[in-house]
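A.B. asks: This structure is in structure tokens; I'll ask about it shortly.
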Amino acid sequence: MPMDTETKQSGDLIFRSKLPDIYIPKHLPLHSYCFENLSEFNSRPCLIDGANDRIYTYAEVELTSRKVAVGLNKLGIQQKDTIMILLPNCPEFVFAFIGASYLGAISTMANPLFTPAEVVKQAKASSAKIVITQACFAGKVKDYAIENDLKVICVDSVPEGCVHFSELIQSDEHEIPDVKIQPDDVVALPYSSGTTGLPKGVMLTHKGLVTSVAQQVDGENANLYMHSDDVLMCVLPLFHIYSLNSVLLCALRVGAAILIMQKFDIAQFLELIPKHKVTIGPFVPPIVLAIAKSPLVDNYDLSSVRTVMSGAAPLGKELEDAVRAKFPNAKLGQGYGMTEAGPVLAMCLAFAKEPFDIKSGACGTVVRNAEMKIVDPDTGCSLPRNQPGEICIRGDQIMKGYLNDPEATARTIEKEGWLHTGDIGFIDDDDELFIVDRLKELIKYKGFQVAPAELEALLINHPDISDAAVVPMIDEQAGEVPVAFVVRSNGSTITEDEVKDFISKQVIFYKRIKRVFFVETVPKSPSGKILRKDLRARLAAGISN
């Protein structure tokens, strides 16, 4: 029976899920929670390596993760220490993450395609003591590792001075140290720019991730219904919280199989779906777009897929319709997340065990065991249904805060526990959430975050640039791409290509600036804030160089 979804609390209008609250075992460490029902699916496939079809059973994954915990401990990793996982999707990513959880240690995940400077910045900020990576990426941390006595573990070949991952697996799992993990201890430290500024470490706790996974897959009528006969396609990078949480951790909790793809390749992707009878496809809009546009799709039987979920960026109605035609038996819907929110705030109720009707373009309904409100960004007053305002969420799933940044934490989470998302949306009469705009400054390139402030800091470092602002430009393939408005220094003749080259040498591919517009001044408010609205309006009006 749907519960009452709207209440008033000290003047605030609060929205809750149509699904009733459930018991969540928040006292359990994350690994204990994920493997709580292990005996039911010990011998079932847990990880399927798409590269070589190697299958790891649940028993093997649990045992290997404990061995890795002991191996990490022998290399000096103690409770509350941080390891950096610098890997594409692979079984070792899973063993390392779960192994660290067993120790009460913290995993910070970084994109292996980051530049050396970006990797080192995160390793330093997170105080990582070990980096787990592939040989081809080890060079990115080589100098930093030597200077800071950092151990580098490689999962494939072993460059000089590195340790092979197999050494961790040779440990005796019975030697695992006895650690007392508290629910509020941090287990994952992804980096996010939040609503503004430079990337910051987001402290996600055991209790927070347990709560978030439970909100999705636990309960008699689970919001995201999955079971041990399901096969999930894990093509989204596990270093991204959406994949780590809604694919890996949710699947482990229910005993489903996880088909791991290192990277998205449409032909291999389409071959793997019928080969392994994939049933659940968690995607992002660029993958949905590739499926909708690929002529190859019609050559493959995709009838095994029963759920297609899209997140990380909004999906337009046309794209929804186009992809629906490609998956004849699938329910298609969206979720809405933000790293700081743990990450899932809303999930499509068409995915529930007892599904609800949903509207096209909605990004779900607030998850159970949580509260949502919509506030006027100027006054902070809560707003009724159908009125757009800033989306705020409260619940045990949200982050503990930003690492070593109490000011940014206080700007994001109110004293009453409300997390401000920086996204503008409204809740309609059927409790469905629609995103209409972003207060926050982030650019979303194919679902990846690009922080304008990070690119602006690099641009302003160039001697021929006196000021700069970066804003998103709409792009059919990527959703948004970063473009720069640049003020040349006196006498400078720097060109668009020179600016683009200067940036592309310092950042990962998706942060590269796609267009440069030279301007006399960057518009700013009296307090010095860049007026990005004005720059976006100039783009929309068709600015010319």
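Keep in mind that glycine also has a Cβ here, set from the backbone N, Cα and C atoms.
Keep in mind that this is a model prediction, so the values were computed, not measured.
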A.B. asks: Figure out which of A312, A370, A468, A469 sits with Y242, S246, Q334, G335, T339, M347, K440, K444 in the (E)-4-coumaroyl-AMP site per Swiss-Prot.
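C.D. replies: Answer, per Swiss-Prot ((E)-4-coumaroyl-AMP site with Y242, S246, Q334, G335, T339, M347, K440, K444), from A312, A370, A468, A469: A312.
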A.B. asks: Taking only C-alpha atoms and a 10 A limit, tell me which of S192, G194, T339 are near Y242 ((E)-4-coumaroyl-AMP binding site). These are the binding-site residues.
C.D. replies: T339
A.B. asks: Using C-alpha atoms, which one of the binding-site residues S192, A312, Q334, M347, R438 comes nearest to K263 (CoA binding site)?
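C.D. replies: Comparing Cα positions, the closest of these binding-site residues turns out to be A312.
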A.B. asks: Around Y242 ((E)-4-coumaroyl-AMP binding site), how many other CB atoms lie within 10 A of its CB?
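C.D. replies: Total other Cβ atoms inside 10 Å, all chains included: 23.
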A.B. asks: Determine, to the nearest whole angstrom, how far the Cα atom of K444 ((E)-4-coumaroyl-AMP binding site) is from the Cα atom of R438 (ATP binding site).
C.D. replies: 11
A.B. asks: What Cα-Cα separation, expressed in whole Å, is found between S192 (ATP binding site) and G335 ((E)-4-coumaroyl-AMP binding site)?
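C.D. replies: The separation of the Cα atoms works out to 19 Å.
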